[in-house]
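For reference, Swiss-Prot has these:
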- Cys44-Cys105: disulfide bond (DISULFID)
- Cys159-Cys165: disulfide bond (DISULFID)
- Cys288-Cys343: disulfide bond (DISULFID)
- Cys394-Cys402: disulfide bond (DISULFID)
- Cys638-Cys860: disulfide bond (DISULFID)
- Cys806-Cys834: disulfide bond (DISULFID)
- Cys882-Cys1046: disulfide bond (DISULFID)
- Cys909-Cys918: disulfide bond (DISULFID)
- Cys1010-Cys1016: disulfide bond (DISULFID)
- Asn102: N-linked glycosylation site (CARBOHYD)
- Asn177: N-linked glycosylation site (CARBOHYD)
- Asn355: N-linked glycosylation site (CARBOHYD)
- Asn426: N-linked glycosylation site (CARBOHYD)
- Asn574: N-linked glycosylation site (CARBOHYD)
- 1-35: signal peptide (SIGNAL)
- 1066-1087: transmembrane segment (TRANSMEM)
Amino acid sequence: MCGPAMFPAGPRWPRVRVLQVLWALLAVLLASRRLWAIKDFEECTWQVVLNEFKRVGENGASDRFFEQELVDTVGNLFHMLVDSPIDPREKYLGFPYYLKINYSCEEKHSEDLVRMGHLTGLKPVVLVTFQSPVNFYRWKIEQLQIQMEAAPFRSKEPCIAEEVCSMSWYTPMPIKNGSVVTRVDVSSNGLGTFIPDKRFQVNINGFLKRNQDNDIQFTVGDELFNLMPQYFVGISSRPLWHTVDQSPVLILGGIPNEKYVLMTDTSFKDFSLVELSIDSCWVGSFYCPQSGFTATIYDTVATESTLFIRQNQLVYYFTGTYTTLYERNRGSGSWVRVLASECIKKLCPVYFHSNGSEYIMALTTGKHEGFVHFGTIRDGQVSFEMLPREWSVCEQIGVTTCSIIWSDYIAGEYTLLLLVESEYENASKRFQVVSYNTANDDLELLYHIPEFIPEARGLEFLMILGTESYTNTVMTPKGISCNPYNHLIFIWGNFLLQSSNKENFIYLADFPKELSIKYMTRSFRGAVAIVTETEEIWYLLEGTYRVYRLFPSKGWKVHISLQLMQQSSLYASNETMLTLFYEGSKLYQLVYLMNNQKGQLVKRLMPVEQLLMYQQHTSHYDLDRKGGYLMLSFTNFCPFSVMRLRNLPGPQRYTRQERYRARPPHVLERSGFHNENSLAIYQGLIYYLLWLHSVYDKPYADPVHDPTWRWWENNKQDQDYYFFLASNWRSAGGVFIEMDSYEKIYNLKSAYELPERIFLDKGTEYSFAIFLSAQSRSFRTMADLGTVFELHSHVDVGVVLADPGCIEASVKQEVLINRNAVLFSITLKDKKVCYDQGISGHHLMKSSMTVNVVGSSGLCFQETHAGARMQGNLMVPVFIGCPPGKRLAFDITYTLEYSRLKNKHYFDCVQVDPEMPCFLFRDIFYPFFLIQDLVTGDSGSFQGSYVLLVVGGGPTLDTLKDYNKDEIYRFNSPLDKTHSLIWTTRTKRTTKDSAFHIMSHESPGIEWLCLENAPCYDNVPQGIFAPEFFFKVLVSNRGVDTSTYCNYQLTFLLHIHGLPLSPKRALFILMVSLSVFVGLVIFYIAFCLLWPLVVKGCTMIRWKINDIIASESYYTYASISGMSSMQSLRRSRMGSMFSSRMTEDKAEPKEAVERQLMT
């Protein structure tokens, strides 16, 4: 639409002079009230952009988020930190981007403001929330946040000032595997200028790449930088379809005769116009008649990793490059055409993922009329299946010709809701709602839509029973939509039908039958926005029956008058709405503005509360004469004046939100500004903190239940020393890392509002209270005969549960007469009947709780500095099942203590492993387990029942083997007759089929057997010590524990030493040992007996050798002089005498003989 599009069109409103004056007066009053608010709270806002690692400090730098690989440039800096509590031998990496944070106020220079804020102590606090992934089979389901404090950094631009000219704050932009959607909330630390909190979408764009010139470009097509007015002015708005909270990149088509789309990774804070690189071919045939060809991209759907488009009858998809989700080679190189032989008339989105996958539906015409092509997307891989699998919908509902107009998929129920148009032999057409179950291929006709629109006779709504009267206007359905939380179904066209059970429908008469709904957008938090074919906008609160027109309306006229008076850049007299969509619980418009022949595409908030309030004020007022003048007064239809939530419990136990806190390291510079090195160190610390979180899934529980405990375990005692170094400016690297600045937060306080979601385990309760300050004369007294008076209030609260058979709510009213108020205490409780058991965070049942103050819907508002806020209607999604963040862990600490107590001793392995202590085979093994809550920090003994199975093992860690089902049965079942049992217990309780023992924390313990056919039987020792064995143990409470919805499964290794040998091997070793021992004894005895003889023989041989030597010496020197001869003769005689003496005394030692020979 074009021209004065956003002004009221249609019948001319009565222009009574008094009414014009009153409207003008109302505008002035509201404007002045707004101006007062501005004066009290200066309108300032946060500004956030991305900067690459190497572009920190550059003015005007802004980068796109597509790099996903960690950078290895910070490790060298950590090697410099020798006197710091960190371990420089660990691996520290950095992220490719920083968040650059500034703020601006109206009519003030941003650089001056930031500098002033820094000098007054202002520091931005950044909360990064990672969206959990779709495929929970690959990634862990968790709700993770990290809270960082931004570090001040001087600009690198030249500056003549001594200290600083321009500056900004920076924090690392962390990346987490499995998450491509990131929410950044920026708030103030409470010092300096008041700046309201602001939320930014900072998502990874997997459809960008660098070309050969190092420029960034789109992979899906070519980016256009000139947004021509003819692309947007006067076009019809289109719905924005995507997987809720999971799509990092949104895509919007609908530009006439061009294959252009708008793409954004910031929820249209920034956007790009892209010409898609598709072939734009047109294939017409006898089964796919086409009256003409157009390049327009009609339908667009965005999922976590893949984009879908429809052009004419052709469907294409493109998978982005997301290395944080799957392998790099999964990304598409070009658009892929699917369902090439089909004639596709429409794409239908599926807003919620399920079973680790996302879905999309393609409605066909021609040869496969009556079938739906059901697409499944997982890890970037796309597959389609035609449903129903055998007979078409037409054949199963008993008509010859039918057409599926719309389809909606209820993921949790595996059910397709089909809106079917049937044509009968008399050429009449009727519409039905058909349900098809994809799991069992069941099709059921749910509801026949009436042929004509009912006659409401002045009522707001009408229950369709078949007995009411009808108008002459034919019902023309166009779509069907279901909210999986409250199960509320809408059928829409030139009417609006509502149902909560798929059987009984209510006609909402406030929506005029002269209009036709083009599309609906739902917040899935209780609000619905409707766009008609004439671009009117209507609004509905789910569970109520009043439909409000937002545009055109009296409220809109007042609102736009105020905006134009304030010269807002978000409004113009000539504007065109491109789409209407919800972001969280807020409604936004994407609007093209024309001002002075210049076009601008903006995203703006649709002020629903303001419009309803203005509309109420302009429609209900009184003129009372007070003396000589008239006084204007407004009627307040709200049943209460003040509404507050009280007694709210800590949110983390129910929202399952994990949060870490990380502050930047302290820099040893008097100005307090960081440098590139300190920011890089901050990057490395954030990376290591997230790495500790990711690896904190060990089967053996730490003595302290906290992922950061091991980081500072060995340095806590030196904390004062590190502080001493920092206080004396002697810390290495110029930074001081404070250990207490990196921690996990377990005690978040409630924000005085209901949580974003509630997770309920078996029998869990959630309690809170609503305080309502009533209007005057809101109490009455009631008394029966013989009873005391009781106070009753006109203010009532109703609680609507989507699944009353699964959850229950109780409301207790307390009248506070002295405060003219009522306190309603509400308790929501799980009834323990609607869920079996599931893995933590998997296959949760969706439900909801809606709290409504009777008579308040659309009538009660609260004024805040951020604008009006609707009150009286609260809707909270409820997830029933095993909450995320719970796990089972082996309590090794208590197991060792209890085993030492019961067995009177404890013997560890010879080679001690502190990460895996050993247990002695002959001792009774008493295992204990912990239920650890990663969100709240609670860690307590598992009190439920479980089954323990040995599912693998080996004598060494390198020879571990997983057992098959038959082996697991033989090694663990008390019914085994093959002598293969590994262990046994005196516990008598078993599973229903008696196959396995059921144990608990009170069980008498495990006795190791290792019978002759068990794998641990007859192991060969690896050394002189007894054999060892590693058992792979599985512990599960599946089917045996009724205390929780959680299906806990824990697999861990158990090191057993001191295993006995088999009798044969023991006898063999005994015989060998005895043989060796006997041989050694015999050898010793023989040695002792033969040794003297050996000594004697050796002595005789030596004597003879000496005698021979002496004789040879005599004859050799016979010719020498007389004295020499005499001396020789003397020696010879003495030798003879010595020989005679030896004959007489043979006991003389060998040493004496030698001395005699030398004499």
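Don't overthink the numbers, they just go from 1 along the chain as shown.
Placement of Cβ uses the backbone N, Cα and C atoms for every residue, glycine included.
Positions of Swiss-Prot features highlighted on the structure.
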{"residue": "Asn102", "record": "N-linked glycosylation site", "Cβ within 10 Å": "19"}
{"residue": "Cys105", "record": "disulfide bond", "Cβ within 10 Å": "15"}
{"residue": "Cys159", "record": "disulfide bond", "Cβ within 10 Å": "13"}
{"residue": "Cys165", "record": "disulfide bond", "Cβ within 10 Å": "15"}
{"residue": "Asn177", "record": "N-linked glycosylation site", "Cβ within 10 Å": "15"}
{"residue": "Asn355", "record": "N-linked glycosylation site", "Cβ within 10 Å": "17"}
{"residue": "Cys402", "record": "disulfide bond", "Cβ within 10 Å": "26"}
{"residue": "Cys638", "record": "disulfide bond", "Cβ within 10 Å": "18"}
{"residue": "Cys909", "record": "disulfide bond", "Cβ within 10 Å": "17"}
{"residue": "Cys1010", "record": "disulfide bond", "Cβ within 10 Å": "23"}
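Annotation note: Cys394 (disulfide bond) sits in a helical segment as assigned by DSSP. Counting only residues at least six positions away in the same chain, the Cβ atoms of Cys638, Pro639, Phe640, Met643, Val853, Met870, Gln871, Gly872 sit under 8 Å from the Cβ of Cys860 (disulfide bond). Checking each of the disulfide-bonded residues Cys44, Cys288, Cys343, Cys918 against Cys806 (disulfide bond) by C-alpha distance, the shortest gap belongs to Cys343. The number of other Cβ atoms within 10 Å of the Cβ belonging to Asn574 (N-linked glycosylation site), over all protein chains shown, comes to 18. Cα separation, Cys1046 (disulfide bond) to Cys165 (disulfide bond), rounded: 57 Å. Of all Cβ atoms in the shown protein chains, 19 besides its own fall within 10 Å of the Cβ of Cys918 (disulfide bond).
Annotation: Cys1046 carries the greatest number of neighbouring Cβ atoms among the disulfide-bonded residues Cys834, Cys1046 [cut-off 10 Å, Cβ to Cβ]. For Cys105 (disulfide bond), the nearest of the recorded positions by C-alpha distance turns out to be Asn574; the candidates were Cys288, Cys394, Asn574, Cys882. Among the recorded positions listed here, namely Cys165, Cys288, Asn574, Cys288 has its C-alpha nearest to that of Cys834 (disulfide bond).
Closest to Cys159 (disulfide bond) by Cα-Cα distance, out of the disulfide-bonded residues Cys288, Cys918, Cys1016, is Cys918.
In this structure, the C-alpha atom of Asn574 (N-linked glycosylation site) lies 52 angstrom from that of Cys882 (disulfide bond). Residue pair Cys402 (disulfide bond) / Asn426 (N-linked glycosylation site) shows a Cα separation of 14 Å.
Within 10 Å of the C-beta atom of Cys288 (disulfide bond) sit 18 other C-beta atoms, taking all shown protein chains into account. Counting every protein chain shown, 22 other Cβ atoms lie within 10 Å of the Cβ of Cys343 (disulfide bond). Spatially close to Cys44 (disulfide bond) yet at least six residues away along the chain are Tyr103, Ser104, Cys105, Glu106, Leu113, Thr193, Phe194, Ile195, Pro196, judged by Cβ distances under 8 angstroms.
Sorting the disulfide-bonded residues Cys806, Cys1016 by the number of other Cβ atoms within 10 Å puts Cys1016 first. Separation of the C-alpha atoms of Cys882 (disulfide bond) and Cys394 (disulfide bond): 41 Å, rounded to the nearest whole number. In terms of Cα spacing, the recorded positions Asn177, Cys343, Cys394, Asn426, Cys1010, Cys1016 all stay beyond 10 Å of Asn355 (N-linked glycosylation site). A simple way to gauge crowding: the CB of Asn426 (N-linked glycosylation site) has 5 other CB atoms within 10 angstroms, across all the protein chains here.
Listed in sequence order, Glu369, Gly370, Thr400, Thr401, Cys402, Ser422 are the same-chain residues six or more apart from Cys394 (disulfide bond) with CB atoms under 8 A from its CB.
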